[in-house]
Amino acid sequence: MESESESGAAADTPPLETLSFHGDEEIIEVVELDPGPPDPDDLVQEMEDVDFEEEEEEEGNEEGWVLEPQEGVVGSMEGPDDSEVTFALHSASVFCVSLDPKTNTLAVTGGEDDKAFVWRLSDGELLFECAGHKDSVTCAGFSHDSTLVATGDMSGLLKVWQVDTKEEVWSFEAGDLEWMEWHPRAPVLLAGTADGNTWMWKVPTGDCKTFQGPNCPATCGRVLPDGKRAVVGYEDGTIRIWDLKQGNSIHVLKGTEGHQGPLTCVATNQDGSLILSGSVDCQAKLVSATTGKVVGVFRPETVASQPSLGEGEESESNSVESLGFCSVMPLAAVGYLDGTLAIYDLSTQTLRHQCQHQSGIVQLLWEAGTAVVYTCSLDGIVRLWDARTGRLLTDYRGHTAEILDFALSKDASLVVTTSGDHKAKVFCVQRPDR
């Protein structure tokens, strides 16, 4: 989960008008938003005021699963194990992990075995299984206050559980799932599906709104820090910035403004003024969230000499896999499938460092409050880089297959990884430079 920027209270901020429904028509009153930082309590109240459409739920499979701990899978990446804790209850590749944002003491993992588990980081003890999924669990995450945990599988079955009671409180069957994310201030869940829709539900009431994109998958999405907008990327290369209150798209980037291939990832900076998007076209685009205009385009030097892609073509050798903003310096990091970590200077829009990995980068995360960026890759290694110098600080090993996802605790003391070796691991980060 990304760290959220602090929001100050704006005493003179007028409340947003509620959204009204008359039959099949939406009566939308467009109001001016105060550009000042929103009050968190106001954001929660605004989400309470959103009128959601009532949607019929389809019942998911409520059958439980028998818990069968599996022996470790021995792969080709034998070597030292730097991890402190190994969670081994999954019986197939573990696709996703998220930490509870309030205490950073719990993890939720989902895998190819159609299972999701909530477990304790300190000793790997299982708290409960999120049972009933019927396909690979590819998305999992805790709500902003850590009271709820959501899991989603590839078929589009989403489930939400109350953490303290370990009980399922909501489920819904959408289309094939592409991504899922909690709202940063309210018990509201968003998800993108293969039919191009972005869904937004109040949990546990299930009240629903949909944001209709183009007729192609909504491949990635992120709620902006103000909690009022979301940026969504699509398979056709377009980017839309949605107003979550009014239900309309504020900006649409397409054609030369968009990407020339499916989007793979989006990120926002700490105050939500800038958006970074990545695509299989090997480009990362810097977009102003206010104007919706592209203000910078980044492309790695290793592929800069390749000819431009024609319409409908995709790069077979490289793509942007992950990206993010540094919170303390005007830097952005972009990770590529060919193993390149590029550090860009946003103030000059130039390449500052290029750090090479032996295999493709799967994901990167910035450490809050520092210029250290973490990467995980297909070689099963977590690496820490100093973005100021481009120097490798340290690495952590222990998986015997590729790392598929990872999460970082708020104080950067723990890294939690998931892998194709059927394991999740907890690494204690020790750095002499802090």
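Note: Cβ is positioned from N, Cα and C throughout, glycine not excepted.
Annotated in TrEMBL:
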COMPBIAS  39-62  compositional bias 'Acidic residues'
REGION    1-63  region 'Disordered'
REPEAT    87-129  repeat 'WD'
REPEAT    130-171  repeat 'WD'
REPEAT    225-252  repeat 'WD'
REPEAT    256-297  repeat 'WD'
REPEAT    354-395  repeat 'WD'
REPEAT    396-434  repeat 'WD'
Averaged pLDDT score, the repeat 'WD' (130-171): 98
Candidate ranges 87-129, 225-252, 256-297 - greatest C-beta contact count to the repeat 'WD' (396-434) (under 8 angstroms): 87-129
Secondary structure content of the repeat 'WD' (130-171), with strand meaning DSSP E or B: 0 helix, 23 strand, 19 coil
